[in-house]
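Chemist: Please read through the structure below; I'll follow up with questions.
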Amino acid sequence: MRLRNKPWAKDKIAAYPQYVIPDPETKRGRWRELFGHDQPLHVEIGTGKGKFITEMAKLHPDVNFIGIELYPSVLVSALDKLIESGLANVKLLNANAKDLTAFFADGEVSRIYLNFSDPWPKKRHEKRRLTYRDFLALYDRILAEDGDIHLKTDNQSFFEYSLVSLSQYGFVLASVQLDLHQSGMTDNVMTEYEEKFSAKGNRIYRCEAVRPPRRSS
């Protein structure tokens, strides 16, 4: 993905600390206090321009949402949507997924969304894939006992890799859809990428994976 540089993006993000949390480490274990509601916490990793997370937040006011995006030039579009909507149950982080355990306490998150993650197709880049075992270990820590991962992609190879990686780690595949838009699922919220790829006729793959039983220390 080629990113359009927006030199002003960081300054705009910094101007809205009520939406893009500047010090997420200080909220670890206390996100429900920040939101002001004791509701389930759902996290989207790679929130992009924010269409998915803002629409989900509108549909589910009884859930608190956090969108994580590494690139300021992309996150600023999600910020614009959040400012316009005025949603109180969404916060954003300009952060790296490698730092998840610094932001969230063990068992604090109920669900993780991985929507159209970079597939990093070259073998030498395997460790960068968001379903590589090192990332799964982070998800395992922050997810609640009955927490789960919802994944969508149009990349068949990445999907197959993810199914194997999740299974080998111990996640239970509760749902696997090889053609989401022909599956009859009625409550699917599409991302920007999903709209683009499905319009081209690309098949969309989806799975739900439940975290393994908590390992005893």
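The first residue you see is number 1, and the count goes up from there.
Glycine residues also receive a Cβ, built from the backbone N, Cα and C atoms like all the rest.
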Chemist: According to Swiss-Prot, K122, T191, E192, Y193, E194 bind substrate; so which of D80, D148, D154 is the extra one listed there?
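Modeler: For the substrate site that includes K122, T191, E192, Y193, E194, Swiss-Prot also lists D154.
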Chemist: Under Swiss-Prot, which of the candidate ranges 46-51, 124-129 is annotated region 'Interaction with RNA'?
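Modeler: It is 124-129 that Swiss-Prot describes as region 'Interaction with RNA'.
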Chemist: According to Swiss-Prot, E44, E69, D118 bind S-adenosyl-L-methionine; so which of N89, N96 is the extra one listed there?
Modeler: N96
Chemist: With every protein chain in view, what's the tally of Cβ atoms within 10 Å of the Cβ of E194 (substrate binding site), excluding that atom itself?
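Modeler: A 10 Å sphere around the Cβ of E194 (substrate binding site) contains 23 other Cβ atoms.
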Chemist: In the region 'Interaction with RNA' (124-129), how many residues does DSSP call helix, how many strand, and how many coil?
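Modeler: Summed by class, the stretch gives 5 helix, 0 strand, 1 coil.
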Chemist: On the 0 to 100 pLDDT scale, where does the region 'Interaction with RNA' (124-129) sit on average?
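Modeler: When the pLDDT values over the region 'Interaction with RNA' (124-129) are averaged, the result is 97.
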